[in-house]
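I'd like to ask you about the structure that follows.
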Ligand SMILES: Nc1ncnc2c1ncn2[C@@H]1O[C@H](COP(=O)(O)OP(=O)(O)O)[C@@H](O)[C@H]1O
Ligand SMILES: [Mg+2]
């Protein structure tokens with residue numbers, strides 16, 4: 001089976017603007033007449049939606065490895081049921097978070113072995129990786145979406161997000177052809193940088 005689809009993913013720490021940019025990107029592609037599909041991880045399949053609720057319930061205490069398995073269970077459903085069937089179609093698949101979130105959060109953030117994540121990914125993905133990935137980069141202290149009540153929690157949260165951010169930068173360093181770091185400016189400036197890189201990639 002020859003792959004005709006193009007896979008694009010949006011990545012970055014919480015509140016950096018992934019969803020904003022991914023949605024604008026889909027609108028842009030549609031206006032150009034491309035067929036697009038939008039995926040939000042986790043939560044595009046029936047099981048994924050249930051797992052999303054569990055994973056995003058802040059009060060629940062989940063061990064890092066358990067968290068990894070839940071994300072990967074959702075990904076396995078998504079890749080097998082939704083992604084593989086459309087790879088031979090001429091369509092652009094746009095992801096709001098995908099494999100690099102796992103590497104950055106569970107790997108670099110929670111300290112789970114990168115080798116373990118890579119091995120599990122290779123079983124689930126079977127070579128399916130994004131053709132191009134946009135990481136929207138900004139210091140965690142500038143993104144005030146995850147503000148805790150007390151300074152202590154805020155500080156801890158910023159430290160964790162900074163570790164994840166460094167993870168993303170490391171991924172981009174390892175795979176400069178696929179992974180593009182976009183410096184976060186205004187919504188429009190950010191989108192223009194993405195559009196420029198997309199045109200260079202696609203043409
Ligand atoms: N470049 C930007 N500059 C200022 N505010 C932004 C920018 N991008 C997104 N926002 C705002 O920041 C918030 C988080 O954006 P969102 O796209 O949901 O981030 P993410 O999906 O990465 O968590 C939203 O209220 C959004 O309108
Ligand atoms: Mg989002």
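Cβ coordinates are placed from backbone N, Cα and C, and glycine is handled just like the others.
As listed in TrEMBL for this protein:
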- 10-193: domain 'Thymidylate kinase-like' (DOMAIN)
- 12, 13, 14, 15, 16, 17, 18, 19: ATP binding site (BINDING)
When you measure from the Cβ of residue 13 (ATP binding site), which residues in the chain that are at least 6 apart have a Cβ under 8 Å away?
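In sequence order, 138, 140, 143, 161, 164, 165, 168 meet the Cβ cut-off.
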For the domain 'Thymidylate kinase-like' (10-193), provide the mean pLDDT of the predicted model.
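The predicted confidence over the domain 'Thymidylate kinase-like' (10-193), as a mean pLDDT, is 94.
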Got a sec? Which of 16, 17, 18, 19, the binding-site residues, have CB under 6 Å of any ligand 2 atom?
18, 19
Around the Cβ of residue 15 (ATP binding site), how many other Cβ atoms lie within 10 Å? Please give the count over every shown protein chain.
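There are 18 of them.
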Least buried of the binding-site residues 12, 17, going by other Cβ atoms within 10 Å?
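Output over binding-site residues 12, 17: least Cβ neighbours within 10 Å is 17.
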Using a 10 Å radius around its CB, how many other CB atoms surround residue 14 (ATP binding site)?
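Counting Cβ neighbours of residue 14 (ATP binding site) within 10 Å gives 14.
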Out of 18, 19, which has the highest number of nearby Cβ atoms, where nearby means within 10 Å of its Cβ, if these are the binding-site residues?
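Its Cβ has the most other Cβ atoms within 10 Å: 18.
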Around the C-beta of residue 16 (ATP binding site), how many further C-beta atoms are within 10 angstroms, looking at every protein chain?
25
